[in-house]
Amino acid sequence: MYNMLKFYCIFLLTFDYVYCYSSGAPPYLCDSDSFKPAHGATSTVTNPSPFSISLSQTSYKSGDTIQVTLTGGQFKGFLIVARKAAGGRTNVGTFTTLTTHETTTCNTPFSGVTHKASDIKASATANWTAPLEAVGDIIFKYTVVIDFTNYYFDLNSSVVKALQPSEGTFFKDPTCGKGRGCYSNCINNECDWETSWQDKGDYLIISLRSVSRVDNVYVSLGFSNQSSMGTAIVYSCVLQNGSIGLVPGQTNGHKYNQNNLTKNDISNEVNSYTDGLLQCTFSVQKVTNDSNKYNLTEPWYLVTARGAYNESGLIRHSRIDRNVTKDKVNLTDSTTDVHFSTVVPTTAAPTATVQIGKFGKDSDCGSKKGCYSNCINDQCDLLLAWTPKGNNFEMTLKTSAGNANDYYIALGLSSSGKMGPASVMACTVNQGNTVDVQASHNTDGYSNTPLDNSKEGLSLISGSYKDGILQCTFNRVTSSTNNFNIFDLTKQWYLITARGPSSQGGRLLQHEGNERFTSQAQIDFQDVTVDISLEASKYPMIKAHGCLMVIAWMFLASIGLGFARFLKPLWPNSMPCGVKVWFAMHRAFMVLAFVCGCIGFILIFAEIKDYSEIQGEFYTKAHPILGIITTALLVINPFMSLLRCTPDNPNRVYFNWAHRAVGTIALILSTLAITVGLYLPKAQVDTDAGLIIMIVYSAWQLFFFLIMSVLNDLTVTVLGKKASKPKKKGNAYVMNAVDDYDKIKETETVDTKPAPPNDLLKKFFMSLHGCVLSALTIALVYYIIVGNV
């Protein structure tokens, strides 16, 4: 009986071991060093292991899936995990099973695979998916159990190499279009900019990733109801002084504001900056009670941008660092996987991997081809190349075009270095899918006119618009005897390049600001050793025009009008050059304003040679109209003063009001003209800084006018009280001041006049007025000269 009981207990203990592990290895075993089974029995096998793991691929990148197959004989149990080849107990990646008798296990879900029954097996197969974060080379560690006392443990597969993305890129999220919507600039699964989102019912999980090697930058995603730079809700991942944060904001046109939005609808924020990769992941409610936020259940245009960041907020991005989806995107569609630009079939040869948005320089430049480019360290975003080919020249025009679906790059030949007259060749893309070349010419008036036969003298060899790069290679005849607008390439010419939007019919529109370049000397196209860098056109005449107009109106005219409007009673006993001080100063400043304004007006017409046909926003088109009206008033006013009647003439009051009205209207219109002029492409001014200066200038003018008007009223009130007393000899000035300031004669001579009340206050504010206007004028002139070139 005792022996029976002893046997039964031993049987139960043995059965317990088999029961526990016949359904798979225990979870704690996944974290051990050797994976030795915990059967309590020592393995009796002495031969080398016949088992091995075969892999569907020997290298991987983040998100890849590798099929793992265990073979080598019959077995009952097994355990497989993936670990870093460098060592350690941390399991990496996740497993999914392909057959019915395996299941995942381990303390970390899905980080290992084992048997779930003790039946005899000939093989076991599972899929392993690599994590998104970098873990380096890996191995698969495994144990195989034949039976209770025969097993092999601590076995390793061959090393699986971790692929590295190209310098300055990261691997694309493998779930893009497969449960996660994506909008990126990835090429062959390598990106330096990716935006993705995942629908989670009431909220979205959004991820922003961008490569950046510098501090104080941002990458953002905006939701807009229009494909242009309109109103949008923007979420920005910001790296500032080493700290990372998510900043919600709004845009209205090109203006950004981050003060009106809260983060109440944002949660689960996870931010990182590692090895030059900036990343923010967060959850955002689809629908909120905040009237400033959008309903994300509706489709929106996606607007992405990146650029520099400072304390005042996002700094305006460059042209190629802003992208907008062609159509509105439904954020609940997890199959969306959109590239920043439409890919067009190309016959051009592939180029070496370079920075996104740029391309490599042609290695034949300066040896077999003449070149004119803006390449830095062989990285370009604009390149012109040419080489003689018998009676033709083979030419290449190539540029980054961002996300534009209608765009051009043009080369003009000019004898003077000016925009017209010029013979023009252009490479265009229409609707993102039609690449072609066309011939045109610029007239003296700068308008571009296609030739009657837009292909005359040109023959397209290849054209492409791929990954935001527009390129045309074509033959151009050396000369033409039939059309004088096709210039002879055996002669030397200034090269003028421009790029910008084109109409849907392919017509070239006005180039973008800072996107016109002119060679510093004439170029010999037969010389293939030419390899020069282009520089943006500085438009010195236009800048001189702007500076003169700013000095004339913001400083000289403003000071001159101030003396005439508010300072007539001051310095009653001073008569420089036989006239009152106010009149002497008014005349001097206004004469200088007249001279500067007229010279500025002449300069712009000398440069443009015609009425300026400005393309762009409606307000920029008003600049020439405002300028002509303002200059006309500038000329009319001094001639009006020559016809003025004497101060005691009863009609003098009509002159006073007319003279004052013309001067005031001219000053107001000049302020509008200068402000609008800041936004003209050729002005090349930092518009944000310029607008701030003009706002401060306008606010100061209003303040100065009000405070001086108050002081004038006080002066009249005090002098009126004095006038009620008996008038003393020699005090005729008092009655003049009370009756009408404008009747104070420019050449009046009365001895020992008393200084008017508020004399010191008026002098103080006039001096302050001069200082403020000087500072603002100098600042704006500086920005015009230096600008954003």
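Backbone N, Cα and C define each Cβ position, glycine as well.
Per TrEMBL, the feature domain 'Reelin' maps to 15-178.
Along the domain 'DOMON' (191-307), the predicted structure has mean pLDDT 84. Feature annotation from TrEMBL assigns domain 'DOMON' to 191-307 (among others).
Positions annotated as domain 'DOMON' by TrEMBL: 380-500 (among others).
Marked as domain 'Cytochrome b561' by TrEMBL: 505-715.
The signal peptide annotation in TrEMBL covers 1-20.
Taken from TrEMBL, the feature transmembrane segment applies to 548-567 (among others).
Outside the transmembrane segment (588-605) by six or more residues, the chain places 541-542, 544-549, 551-553, 556-557, 559-560, 563, 612, 627, 630-631, 634-635, 637-638 with a CB less than 8 A from a CB of the stretch. Here TrEMBL flags 588-605 (among others) as transmembrane segment.
Among the features that TrEMBL reports, transmembrane segment is placed at 625-645 (among others). Sequence-distant contacts of the transmembrane segment (625-645) (same chain, at least 6 residues past either end, Cβ-Cβ under 8 Å): 549, 552-553, 557, 590-591, 593-594, 597-598, 601, 604, 651-652, 655, 658-659, 662-663, 665-666, 669-670, 672-673, 676-677.
Among residues of the same chain six or more beyond the transmembrane segment (657-680), those with a C-beta under 8 A of the stretch's C-beta atoms are 546, 549-550, 552-554, 557-558, 561, 564-565, 614, 616-617, 619-620, 622-623, 626-627, 629-630, 633-634, 636-637, 640-641, 644, 687, 690-691, 694, 697-698, 701, 780. Sequence annotations record features per position, and here TrEMBL assigns transmembrane segment to 657-680 (among others).
According to TrEMBL, the transmembrane segment annotation covers 692-719 (among others).
Summarising the annotation, TrEMBL assigns transmembrane segment to 764-785 (among others).
Under DSSP, residues within the domain 'DOMON' (380-500) fall into helix, strand and coil as 0 helix, 74 strand, 47 coil. Within its own chain, the transmembrane segment (764-785) has Cβ neighbours under 8 Å at 543, 546-547, 550-551, 554-555, 558-559, 562-563, 566-567, 674, 683, 685-686, 689-690, 693-694, 696-697, 700, 704, 707-708, 711, counting only residues six or more beyond its boundaries. For the domain 'DOMON' (191-307), residue counts in helix, strand and coil come to 0 helix, 73 strand, 44 coil, using DSSP. Below 8 angstroms of C-beta separation, residues 581-583, 585-590, 592-594, 596-597, 599-600, 603, 627, 630, 634, 660, 663-664, 666-667, 670-671, 673-674, 677, 697, 701, 704, 708-709, 711-712, 762, 766, 769-770, 773-774, 776-777, 780-781, 784 of the same chain, each at least six residues beyond the ends of the transmembrane segment (548-567), sit close to that stretch.
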